[in-house]
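S.K.: Before we start, here is the structure in question, set down as structure tokens.
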């Protein structure tokens, strides 16, 4: 009996793996639109999919980012300047894409643009500190999706939303984690709404990667700037040594980040080209072995493990 059970499990695993390897045909006539292509995941994705033969439309925030990308890619690739937080810019870009792709529609929309914003204890922050990551990571993503969706429906294509392990587990104060939690919710509702139209919607949850988003120098500068303007009461509660110790912890954590950005692009590739794309992808050793498993554990255990890494406050009773 045990042998039959093992054989059945092996067969299921084999069929699941085989199904995941089945690919679409004729990618040469398929258009894909990628946001956040100045650097990081988006830049590598644009170059990778251009080499594979897709007709890539890469959205960059800056002229310099656009020119640098064009210098490394073929004439098939087109760049557009796009600020995802600017509704008129998004609308105009969608109109240009519509005229460019014609009746073929848009096979792939990869929502990759994102910012980290301020990462600091919640009681250090104002509501304005939350705005930028929520405007870019959430409202920008939603607005781009809504404007491009008719083109994706026409092609019965794919929508790929780049979230984060920060959308599964909160690891710091600021707008980044709330924005990514909301992206996960938007992704799930969009996936169910689009199923009847033959549109596949996938979510990618990278761990910590070495990109401009997680630049320890910029993160440190933002944290120091906030510390300097905190009230004496807050500084007394946290202690003068807190900021130095927390910055040391930050540098230690960023020294062990994933270096291979292609792990995320491979997830994008599977979501774009597989006949049976996954609903969720996890990228990075830390995400697979620590963050995602931890997200399924009881909240008390999550708190215990994460608070072990927190810097102790000097005088929390001084309230």
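Backbone N, Cα and C atoms are what each Cβ position is placed from, and that goes for glycine too.
Pulled these from Swiss-Prot:
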- 176: active site, proton acceptor (ACT_SITE)
- 34-58, 83, 180: NAD(+) binding site (BINDING)
- 164: substrate binding site (BINDING)
- 1-20: signal peptide (SIGNAL)
S.K.: Return the residues near residue 38 (NAD(+) binding site), defined as same-chain residues 6+ apart in sequence whose C-beta is under 8 angstroms from its C-beta, sorted by sequence, else 'none'.
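M.R.: For residue 38 (NAD(+) binding site), the qualifying residues are 60, 61, 62, 64, 65, 66, 68, 69.
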S.K.: Nearest to residue 176 (active site, proton acceptor) by Cα distance: which of the binding-site residues 34, 42, 46, 58 is it?
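M.R.: Its closest listed neighbour, by Cα, is 42.
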S.K.: Is residue 176 (active site, proton acceptor) helix, strand or coil when read with DSSP?
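M.R.: In three-state terms, residue 176 (active site, proton acceptor) counts as helix.
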S.K.: Can you tell me how many other Cβ atoms are located within 10 Å of the Cβ belonging to residue 176 (active site, proton acceptor)?
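M.R.: I get 27 for this one.
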S.K.: For residue 34 (NAD(+) binding site) and residue 164 (substrate binding site), determine the Cα separation and express it in whole Å.
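M.R.: That comes out at 17 Å between the alpha carbons.
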S.K.: Cβ-Cβ under 8 Å from residue 46 (NAD(+) binding site), same chain, 6 or more residues apart: which ones?
M.R.: 34, 37, 56, 58, 69, 73, 77
S.K.: Express the distance between the Cα positions of residue 50 (NAD(+) binding site) and residue 164 (substrate binding site) as a whole number of Å.
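M.R.: Distance (Cα to Cα, whole Å): 25 Å.
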S.K.: If I restrict to non-local contacts, at least six residues apart, and a C-beta distance under 8 angstroms, what lies near residue 164 (substrate binding site) in its own chain?
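M.R.: Listed in sequence order: 114, 176, 180, 205, 206.
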S.K.: Long-range neighbours only, meaning 6 or more apart in sequence with Cβ under 8 Å: which ones does residue 42 (NAD(+) binding site) have?
M.R.: 34, 35, 36, 58, 110, 112, 113
S.K.: What count of other C-beta atoms do you get within 10 angstroms of the C-beta of residue 50 (NAD(+) binding site), across all chains shown?
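M.R.: Taking all protein chains shown, residue 50 (NAD(+) binding site) has 20 Cβ neighbours within 10 Å.
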S.K.: Identify, in sequence order, the residues in the chain of residue 54 (NAD(+) binding site) that are 6 or more apart from it along the sequence and have a CB within less than 8 Å of its CB; answer 'none' if there are none.
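M.R.: In sequence order, the residues whose Cβ lies under 8 Å from that of residue 54 (NAD(+) binding site) (at least 6 apart) are 27, 28, 30, 31, 32, 76, 107, 108, 272.
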S.K.: So, three-state DSSP: helix, strand or coil for residue 58 (NAD(+) binding site)?
M.R.: strand
